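See structure below.
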Amino acid sequence: MREGWFTEAVEDEGVAFSLAIDERVHEEQSEYQHIEVYRTRRWGRLLVLDGCVMLTERDEFLYHEMMAHPALFAHREPRRVAIVGGGDCGILREVLRHPGVEHTLQVELDERVTRVAETHFPDLCTANDDERAELRFTDGLRWIREAEPESLDVVIVDSTDPVGPAAGLFTKEFLTDVRSALGPGGIVVQQSESPLLHRDSVIAPLHRAASEAGFDGVHTLTFPVPSYPSGWWSATLMVNGGDPRNFREADSEEKPFETRYYNADIHRAALAVPELLK
């Protein structure tokens, strides 16, 4: 790290992203990963796990809104939601903006990520004390495998990159377990890296795994996240019946909460397929 800057380099792609920083305000080695928090000059606080940018306060809303609202508005009546990963709690915040959601279970392997977020990113953790929220710190792979069949409406997989402990979240076996836990019309959304950098290494294999797991439809959402490699990110939507392009449009336009990025037009546009992903 050059003095005064934090840099995340993607060596294989010959690209790097840097943020000017004022100071590192927290550092620890948890049981699972190296956790750092920086105060940047213009992007608010920065959360870094094992050297990789997880979020900045300036652009976190882009990722968290798009990982939550398209799936929730695509489901006809989302009441039971599970988040696998999501330790920073930003997706939990967005999910519980929906008044119809009755219960959301967040299953995060590393409790320290959540506790660090509660201390240094309180705006992400505003739903942690919601009576509809349940935080559980355990292995998401095992939890999904043991989940009651047809007990969930929406599953959101907010994992780190598909290496190490997170690699199992991108497999046919895991997605088969997720599909079993979903009720009719159930939806899973999973972060799937950059369309520009990871089309062949992540997105295409995840689509194949989802199809092999028996999902009726597999779709890619694309959206900007400037602090992530390439600045262009994706999530993969997998459905047990239905089509996320046929969403509750009126509800999304009259939602009883404010968003900074997501709306009905963005929902439609994010599901449009660029030529390079066809």
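The backbone N, Cα and C atoms fix where each Cβ goes, and this holds for glycine too.
Residues or ranges marked as domain 'PABS' in Swiss-Prot (evidence: sequence analysis): 3-240.
Of all the Cβ atoms in the protein chains shown, 14 others lie within 10 Å of the Cβ of Asp139 (S-methyl-5'-thioadenosine binding site). Reduced to three states, the DSSP call for Asp139 (S-methyl-5'-thioadenosine binding site) is coil. Annotation comment: Swiss-Prot describes Gln33, Glu108, Asp139, Gly140, Pro165 as S-methyl-5'-thioadenosine binding site, evidence class sequence analysis.
Annotation comment: Swiss-Prot describes His64, Asp88, Asp158, Ser159, Thr160, Asp161 as spermidine binding site. Take the CB of Ser159 (spermidine binding site) and look out to 10 A: across all protein chains shown you find 19 other CB atoms.
A strand conformation is recorded for Asp158 (spermidine binding site) in the three-state DSSP classification. Feature annotation from Swiss-Prot assigns active site, proton acceptor to Asp158; the stated evidence is sequence analysis.
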Exercise. Any idea what DSSP makes of Pro165 (S-methyl-5'-thioadenosine binding site), helix, strand or coil?
Worked result: helix
For this session: Round to the nearest Å and give the CA-to-CA distance linking Glu108 (S-methyl-5'-thioadenosine binding site) with Ser159 (spermidine binding site).
Result: 9
Exercise. Which entry in the list of binding-site residues, Asp88, Glu108, Asp158, Asp161, has its Cβ near the fewest other Cβ atoms, using 10 Å as the limit?
Worked result: Asp161
For this session: Please give the average pLDDT for the domain 'PABS' (3-240) in this predicted model.
Result: 96
For this session: For Pro165 (S-methyl-5'-thioadenosine binding site), identify the closest of the binding-site residues Asp88, Asp158, Ser159, judging by Cα separation.
Result: Ser159
